Structures are given as structure tokens and as C-alpha cells.
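Copied over from TrEMBL, here are the features:
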- 226-250: transmembrane segment (TRANSMEM)
- 294-316: transmembrane segment (TRANSMEM)
- 328-352: transmembrane segment (TRANSMEM)
- 364-389: transmembrane segment (TRANSMEM)
- 401-421: transmembrane segment (TRANSMEM)
- 450-471: transmembrane segment (TRANSMEM)
- 491-512: transmembrane segment (TRANSMEM)
- 524-543: transmembrane segment (TRANSMEM)
- 555-588: transmembrane segment (TRANSMEM)
Amino acid sequence: MAEKFHFHINDSTSSHLKPPFACSSQLSHVNSEAFDHHYNSGDVVPIYANKAFPYPNLGDDFPFCSQDAKARVDKMLNENHLVLTPYKFEFLEDKQFELLCKKTFSKTYVSKLRSVIEDGYRMLLYHEDMPIWALVGTVDMDHRDKTIKTEYFLYNHYDFEFVYHNDTVIDVIVLVDSSYMVNVTEDVEADVEFTYSVRWFVTQDPYDKRMKTYINYSNVPPHNFAVGYSIANSSFTILILIVCLLIFYIRVLRKDISKYACDVEEAEMADNQEHTGWKNIHGDVFRFPKYKSLFAAAIGSGTQLLVIMIAILILGVTDVCQLYLPRVFMNVLASIYALTCVISGYTSTSFYHQLEGTRWTGNLLLTVGLYLGPLFLTFVVNNTVAVLYGSTTALPSGETVKLSLFWILLALLLFILGAFFGKKKVLDFQAPCRTTKCPKEVPKLHWYRGVLPQMALAGFLPFSVIILQIYDILNAVSGYKIYTSYDSMLIMLFLILIMTALVSVVMTYFQLSAEDHEWWWRSFLCGGSTGLYVFAYSIYYSLHLTEMNDLTQTMFFFGYMACLGYGIFLALGTVGFYASLMFVRYLYASIKCD
């Protein structure tokens, strides 16, 4: 019985690195004839295999047949290391049971194949930068021999169905048939012949519309219900949190505010202070934080990254750019980052001015390097490792210099422009309470009121909101699917922003109630702690759901996942601080201070 796998493919991007402002659906021009998506009758239609990140390698064999040593070197901003497969697909030419190769597998290799089949591994192919998945084998639990618990079968024949329109390939479908399998249950030497068939079918669907049919396809089970359930569950959690905060405000906080908003006897105030310790620190609560240059830089970088997240998701929802193509996504991401540097410069400089900072040069350098520095360092390290290992994931040195100079100069120019306007058009920091000259000593607190326990608690709820989306992103990074759930991710982003703001406000109130007035950094750290959860989950994902087995894979995965977690930390930390600042201003503006 045949089993069908629907593969979706799409237009290739250029064989040369696109400029950072490429955001068009027409990114399919290719200079090399080997990668041109327009074919004449008899032209070879190339299919490539992903040989490295992030799949475990079975050796130098493409599913079990020697690969061509030719590799694509034009995937400048993508981590895939592609090699040409031994399949020979000629445009419009049908084939029946064409011999791919003959292989003799040793006992050790058969055992390895069995573990791969049991884990559900798939070979990952590419046509014009789009992934194609195919099962390596299957596990049979229903067989005649009752003495054997499980049997393992290796597929040794694939039926490829190419769908074309005029001179372009629109779709690729692969069929596997249970009649063509090799039993690899026992550790014995096996002689295997690998074959394939090809058929061509015409369609009237135009080339530029072919992705619409397959945009929601993934190599993991459909989970629309799970996404809907996650959104509903997150919304319900936020609703409960809001209701709890409203009840607390009505029963406790509003009563305290009403007492402090009017003149009361000194004795009455003294009696109430032990219950509401936050009133005692009104002269310190707006005292500027330590390391205010670093704090302003973090706020500026976090604001920029938050804008980038929203912009990417809006572009994904509106389908303005083909973000499902890896290089288009990277080019758009690099472009938006460069353009939004004006936001980072303006926000950081403006806020640093409000904090009465004077070392402008140091603040500018700190803001520029706070996120870009670790990101660039990660890129340099990963690129160096890729060069040492001879991987095509490495950027050529010439391209690296040109790309870096163009991008850095553009980003730096916009950043300086933003900083200029930030310094010229700012207001003084608005504080409803006068700050005393001598700060109060922060009382010694219980361990559970420390920074790390509160960060762990504050980050858990927001992370629970997006864990399913993070799983989808990691699946896309790992090649198991193409990420297209931008609409649900946009909804989840707004939910996590609300959740982060609410949790940060709660944590800040508890801190103020303990008469700890150093809430500035604490609110930022608690808000951003979700990013640490994201990185921790990526470690779990890599250990239990993938088998990366070389240094290049490990460096790329953990390096860029660390940058992702760090970026989320800065963005949500900024949200947590601003939410806490609004709450603190409202709280202390509502009372009468001496």
C-alpha cells in the first residue's frame, strides 16, 4: 500500500547574496543554469540533501547511496550544508524503477539503520531552497511471526511525482510503497538495491501561486487544535490574573491609597505603616538606578528588538515577504534590524538624558554593542568553525567584509541619527515624589524575595504562554517544518506582553511592600527572565529531540539560540520595566507625600 508525502517547494533565491533590502516575491532569478527554475525538456532538475545542521549524519552516504561531492556554496545566510543527490531527474522524462545504487550493509550499519528507523528519521532534501522530507523506513508491529515483537523495514524505492506548469516545477510528491522494503530487523549483512520512479503531471496553477497550497504543510503532526487550545488557555490564565489583581486592588490597594491620599493623624499613619511598607520609601522609589548608562542601553536595545519582533510578525501575517524562504527571512531580518537602529539610538539617549547621565559617548557605544556585540561575536566564532571544518555554511572572507561594512555603516548612521534626536527632544524625568538626599538602607529580605527566585517565578508564566510556539520555531530551525504560523505567533506575542507586564507589576509591588526601593533593575530582570527559559528549553530540545553530533551543528544551534534567548530577555525586560514604571508612578501619584 502506497503512502504519500506531500512536499512543498518554492522559488529559488539568487545564487549571490541579496542586498539587505530584498523584500520581494520575485527572488527567483538564478545565474547558474544548475539552479535555474526554468527548464527545457531533458534538463536536469537538481535535488539536494541536507548533510549537516541539525540532523545526525549517517556518514557520507545520501540515504545509503554515495553523494556527489558538489555542494551549493550560495546559501550565504542559511546554515544548511547541501550536497547534490545521485537522483537524475530530467524535465518531462518519466522513469520506471531506475537503479540508484547497490549497497552492502554491514551488521553494524544495519543496527544503526534500525535505530534511525525506530526514531522516525527522515531524509531531508531540497529543491530550490525548499525542504522535502521522506521517511527512511517504518516499524511494523503487526506481523505473522508472533515470536518477534517488532520488525524494522527500510524503504528502498521511492516514486517521485513532479507537477509542472510550462517550464517550471510547481510541486513534488513522493510515494513509498510497502511492497518495496528491506527487512533490517536482524543484525545480518544486507545487500540492498535502491531504485526510484519518476512521473510528470501538468497543472494550470501559475508558478508564483504554488506555495499557497503547501504553506501550512509540516513534517510534524498537525496541531491547529493544540495552537487554539494554547491561545485559549493563555487567555484564560491572563483573565484569571487580571481578576486577581482587580480583587487585590479593590480590597487592599485602593483602601491604602485612600488613607494616604488625605491628611491623617501621625499615630494612625504609624499604625498603618507596618501593613503597607511601600509608603515608607516614597523618598527613594524614584532614585535613579545604579549603572544607569547600562540600564538606558538595555532599554534602548530592548525597545528596538520588540519593534523588530512585531514588524517581522506583521510581515509574516500580511505575506508581504516570503518569510518561509530562509534567505528572504534573513535578509528581511537584517534590513529591519538596521532600520530600527534609529529607535534604539533615540530611546537609549533620551532615557539616559532623563536619568541625568553625562557620559554620552560611553552610552552610545554601550547601546551599539549590547546586543550587536554578542551577535557579531557568535557569527564570527561560528563562521570560523565552519571554515575550519570546510563547511559551506561559512561566508567567504570577501563577502563577510563587504556585508559587514555595508550593514554596520548603515546601522551606525541610523543609530547616530536617532541619538541626535533623542538628545535634542527629551523631557525631564517625571516623578510624583521628591527624592531625598540620603537613601534608606534596604532591609534584609528572605531568600525567596531574592533576585534569582523572583526571576524564576516571573518567567515561568510568560514562558508557558509561548512554549508551543517555541517548539514550532525549533522544529523550523531543525528542518522538520516551514514556519508559517505568524498569525498565531502575533496573538501569542500580545498575550505574552500582557502577561509579562502583569507579572512584573505584581513582583514590583511585593518588592516595594518589603520596603526595597531598588526596583528598577529587578523589574527588568524579572520581565526578561522568559528569555532564559527559552534558552533552557532549547537545551532540552537539543538533548532529547535531536541528535547533533558534530561541533559545527552544536556551535550554530547553541550560539544562535543564545542570541535569540538574549534578545527575548532584552525585549521583555523592557516591557517589564515600563509596566512597573507606570504602576509605580500611579501608586505614588495617588498618595500625599510630605
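Each residue, glycine too, has its Cβ placed from N, Cα and C.
Bear in mind that TrEMBL entries carry predicted annotations, made automatically and left uncurated.
Here the transmembrane segment (226-250) has Cβ contacts under 8 Å with residues 461, 464-465, 467-469, 485, 488, 491-492, 495-496, 498-499, 502-503, 505-506 of the same chain, all six or more residues outside its ends. Sequence-remote contacts of a segment are chain residues at least 6 beyond its ends whose Cβ falls under 8 Å from one of its Cβ atoms, and for the transmembrane segment (450-471) they are 223, 226-227, 230, 234, 237, 241, 485, 488-489, 492, 495-496, 499-500, 503-504, 507, 511, 522, 525-534, 537-538, 541, 572, 576. Most Cβ pairs under 8 A with the transmembrane segment (364-389) among the ranges 491-512, 524-543, 555-588 are made by 555-588. A Cβ distance under 8 Å defines the sequence-distant neighbours of the transmembrane segment (555-588), meaning residues of its chain 6+ beyond its ends; these are 53-54, 79, 253, 257, 278, 282, 285-286, 298-299, 301-303, 305-306, 309, 370-371, 374-375, 378, 381-382, 385-386, 393, 430-433, 458, 462, 477, 496-497, 500-505, 507-509, 512, 519-520, 523-532, 534-535, 538-539, 542, 548.
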